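**Q** According to TrEMBL, the feature domain 'Major facilitator superfamily (MFS) profile' maps to 23-414. The region 'Disordered' annotation in TrEMBL covers 228-248. Annotation source TrEMBL lists transmembrane segment at 21-40, 63-84, 91-110, 116-137, 181-202, 266-291, 303-325, 332-353, 359-378, 390-408.
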Amino acid sequence: MGRPDPEEGQLPAPVKPPDGGWGWIVLLGCFVITGFSYAFPKAVSVYFKELMKDFHVGYSDTAWISSIMLAMLYGTGPVCSIMVNQFGCRPVMLIGGLLASAGMILASFTTNIIELYLTAGVLTGLGMALNFQPSLIMLGTYFDKRRPLANGLAAAGSPVFLSSLSPLGQVLLEKFGWRGGFLIMGGLLLNCCTCGAVMRPLDMGMKKKMGKAQDKYEAKEMLPIGGKSEDGISTTDGTKKGKKAKKKPKKGKKLLDFSIFSNRGFIIYTISKFILVLGLFVPPILLVNYAKDIGVPDTEAAFLLSIIGFIDIFARPACGMVAGLKWVRPHVAYLFSFSMLFNGLTDICSARASNYTGLVIFCVFFGISYGMVGALQFEVLMAIVGSQKFSSAIGLVLLIEAFAVLIGPPSAGR
């Protein structure tokens, strides 16, 4: 009575997000992972023209490479959720980085388009999926009050990498060919392992503090002052029993929580995202080849993706800051709805772009709308389901969106 039990007093509730500290390092890792996950499937499109010549295939065939990458990124969501809940974020991300790199390295030795689907598509896509989802989960555990800003800054990794990987891919293609470019890209993907290594579990520091508190408490109770030693022994025994009792519930831990489907907001979010994703990735994937077909030089065509990326760099953090305002955050779902409508209208108006100037104007507005969607999508999802169910929610959402990602770009290619 009156004595604080170290085991009982320190772990009654989840650890409070620090909104800073090591969280900024986690944010940097999430920035890099998001950049590779979203920009890489689009940046690979600069190699499509050469792949079409070497393998004698068409637009739709090469578009499947990016579609399979994105489909793996989305479709393996439940698998990632189960692995994260079972093993934790850091081990899953380290394995994912190795798989992503191995996929591109093996792709540089392929002899037909099917082998490219299996290596660059399936293997690299799976590796990026095992990095992407755990990084978002870690970001959500380290940030609460500043989460909209953190999500916006992390999402900015996509345009930053897109604006750099696309021109880099063009340079590598001209100097080393598509095989050499794939090999070097595979080496770059090893940086995902470094990002995975910095994803330190948030409760690690708490456990160390608990250990110190436990040692001090036991040392104090062992002092022969009256009957305190007996109390200390009984309390220690009670603590050990408490530990055993607390270990048992872990056996019944849910690897994937399907109860979120009873949330009406989650269902509406999932349906709207499915419709959006059908066309969201079509312009970035097919834009370069379309520009080349209407007579735009190769370098200027690749630069179009850089324009989207440059606008997107400022759109995502700015949208994250706006979403974090006190009078906006409670209504962030409405801002997300506006961003989806804006993106759809931009795509409709793109049909009038028949020259390079028109394509540049389209890229500017598409970059703004695309950045707004990217900055808000996971913030809205976490606001709907809460941080405790976020790992399961994002896995199931990504699985449903995978079907839209898989059929969208190839259908547009035809």
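Quick reminder: no glycine exception, Cβ is built from N, Cα and C everywhere.
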**Q** Looking only at the recorded stretches 116-137, 332-353, 359-378, 390-408, which one has the largest tally of CB-CB distances under 8 Å to the transmembrane segment (63-84)?
**A** 390-408
**Q** Can you tell me which of 181-202, 266-291, 332-353 gets the most C-beta pairs within less than 8 Å of the transmembrane segment (359-378)?
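**A** Checked against 181-202, 266-291, 332-353; highest Cβ contact count belongs to 332-353.
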**Q** With the transmembrane segment (21-40) as the reference, which stretch in 181-202, 266-291, 303-325, 332-353, 390-408 has the largest tally of C-beta pairs below 8 Å?
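**A** Stretch with the highest Cβ contact count: 181-202.
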**Q** Should the transmembrane segment (116-137) and the transmembrane segment (303-325) be scored as in contact, given a threshold of at least 3 Cβ pairs under 8 Å and pairs 6 or more apart?
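**A** They do not touch: fewer than three Cβ pairs between the two stretches lie under 8 Å.
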**Q** Can you work out which residues elsewhere in the same chain, 6+ from the ends of the transmembrane segment (266-291), have a Cβ less than 8 Å from its Cβ atoms?
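**A** Same-chain residues near the transmembrane segment (266-291) but 6 or more away: 41-42, 45-46, 48-49, 59, 63, 66-67, 70, 74, 162, 166, 260, 300-302, 304-305, 308, 337, 340, 343-344, 347, 350, 356, 359, 362-363, 366, 370, 373, 377, 380-381, 384-385, 393, 396-397, 400-401, 403-405, 407-409, 412-413.
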**Q** Mind looking up the mean pLDDT for the domain 'Major facilitator superfamily (MFS) profile' (23-414) in the predicted model?
**A** 80
**Q** How about long-range neighbours of the transmembrane segment (332-353): same chain, 6 or more residues beyond its ends, C-beta under 8 Å?
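**A** Counting only partners 6 or more residues beyond its ends, the transmembrane segment (332-353) has Cβ contacts under 8 Å with 148, 265, 272, 276, 279-280, 282-283, 319, 322-323, 359, 361-362, 365-366, 368-370, 372-373, 376-377, 379-380, 383-384.
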